[in-house]
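To start, the structure itself, in structure tokens.
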Amino acid sequence: MTTDTIVAQATAPGRGGVGIIRISGDKASDVAMAVLGHLPKTRYADYCDFKDAENAVIDQGIALYFQGPNSFTGEDVLELQGHGGQIVLDMLIKRVMEVDGVRIAKPGEFSEQAFMNDKMDLTQAEAIADLIDATSEQAAKSALNSLQGEFSVQIHELVEQVTNLRLYVEAAIDFPDEEVDFLSDGKIAGSLNRIITKLDSVQASAKQGAIIREGMKVVIAGRPNAGKSSLLNALAGKESAIVTEIAGTTRDVLREHIHLDGMPLHIIDTAGLRDTDDTVEMIGIERAWAEIETADQVLFMVDGTTTDAVDPREIWPDFIDRLPKNLGITVVRNKADITGEPLTVTQDHGHSVFKISAKTGLGVESLQQHLKSLMGYQSNLEGGFIARRRHLEALDLASSHLMIGKEQLEVYLAGELLAEELRMTQMALSEITGKFTSDDLLGKIFSSFCIGK
């Protein structure tokens, strides 16, 4: 960990009412003496002049001094709050850097120092960047929950449960004459199943948190001329796709990025799926399947004039069989303006079924509400936490090790192998909070932060 004293502008670049310069490190008190002529009382606002080396006033403002470890970074911290003109702030930073041992901070270095000094864990540090980058109220609330430790608490509870079970299993191994009795008495199996259930719940919440942060990818798929492009236009609120009566008009992937009550939604319109000898259309269909395989949800567009069915497997079994196993499906029966069907929303075989007219827009608002609910939209903004892809990957890895460990217990009564899988589970979970994390990963995470954070 660096021992340098770092400085950066904490407020956004450009013109503003107030501009803040943040200094952190052992030289913070030296900076105060050089720029202010005195060391402010700890944790008190001090209105004073900010002066250059010739004792000329650069600016006037408020100085705040926090003595480590009682500061954001855990080090001595000085904040200079002056006027928000960029020239003045640049002059002030230049003056601060005249003090020996002070350098410009790297992106995210203040948060990194806070992490290194155990002022926060890695999920909380990431939540700072996510709160700054939030594109919706729900994302901001979820990021704040993570910053306050909601996600961390869930992970710490899991790690503690896994650790306790691992200790129990290893104790059984230490008494080989009784090991089989320990492993088969049901206590270990019960504890393991409770951990798996808890992890499943955290995974579900984390997946929702990732969607809130990154947006949900929704692919509109179906046969040609089912109204996919009309639905894209209706959801986007503009003519993004060409719509004709000719089947196969859309031959490539069309993308629109919209917000529903601030929730980010990535809509993908795809080529109609059918057997064809047309080379260009075949390429479009291949791209359509590539998008489907990475989607969070599929809107299965059905031409309501061609069938009365609502069960997707009855409508097109080959299509359903090819979909990824855990991919969510929403059935959209289109052309209600022609069929005269009531604009209803029903559940059939575990799938939501919407009857709409993409052309006229009838029923589209209900579909939008459905998509918002899938993204985790809550009008009261309560609960939930933000999550990143790396968190999901670590949770998936932990789940995989637990399932392997369960097999070692139930099939082979192999205590040593179960203990090893529990150790690997513990490592995967601890990587989320940063207890066991490579320096390369830390560098990648913090380098994505703003300078001054």
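Backbone N, Cα and C define each Cβ position, glycine as well.
Database features (Swiss-Prot):
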BINDING   Arg22, Glu79, Lys119, Lys453  (6S)-5-formyl-5,6,7,8-tetrahydrofolate binding site
DOMAIN    215-376  domain 'TrmE-type G'
BINDING   Asn225, Thr244, Ile246, Thr249  K(+) binding site
BINDING   225-230, 244-250, 269-272, 334-337  GTP binding site
BINDING   Ser229, Thr250  Mg(2+) binding site
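When pLDDT is averaged over the domain 'TrmE-type G' (215-376), the result is 88. When the binding-site residues Arg22, Lys119, Lys228, Lys335 are scored by other C-beta atoms within 10 Å, Lys228 scores highest. The separation of Ala271 (GTP binding site) from Ser229 (Mg(2+) binding site), Cα to Cα, is 9 Å. Taking CA atoms as the reference points, Asn225 (K(+) binding site) and Ala271 (GTP binding site) are 10 Å apart. Here the C-alpha separation of Glu79 ((6S)-5-formyl-5,6,7,8-tetrahydrofolate binding site) and Ala271 (GTP binding site) works out to 56 Å. In three-state terms derived from DSSP, Lys119 ((6S)-5-formyl-5,6,7,8-tetrahydrofolate binding site) belongs to neither a helical nor a strand segment and is classed as coil. The number of other CB atoms found within 10 A of the CB of Glu79 ((6S)-5-formyl-5,6,7,8-tetrahydrofolate binding site), across every protein chain shown, is 21. Here Arg22 ((6S)-5-formyl-5,6,7,8-tetrahydrofolate binding site) is positioned 52 angstrom away from Lys228 (GTP binding site), judged by their C-alpha atoms.
Residue pair Lys119 ((6S)-5-formyl-5,6,7,8-tetrahydrofolate binding site) / Ala271 (GTP binding site) shows a Cα separation of 51 Å.
Counting only the Cα atoms, the space from Lys335 (GTP binding site) to Arg22 ((6S)-5-formyl-5,6,7,8-tetrahydrofolate binding site) is about 60 angstrom.
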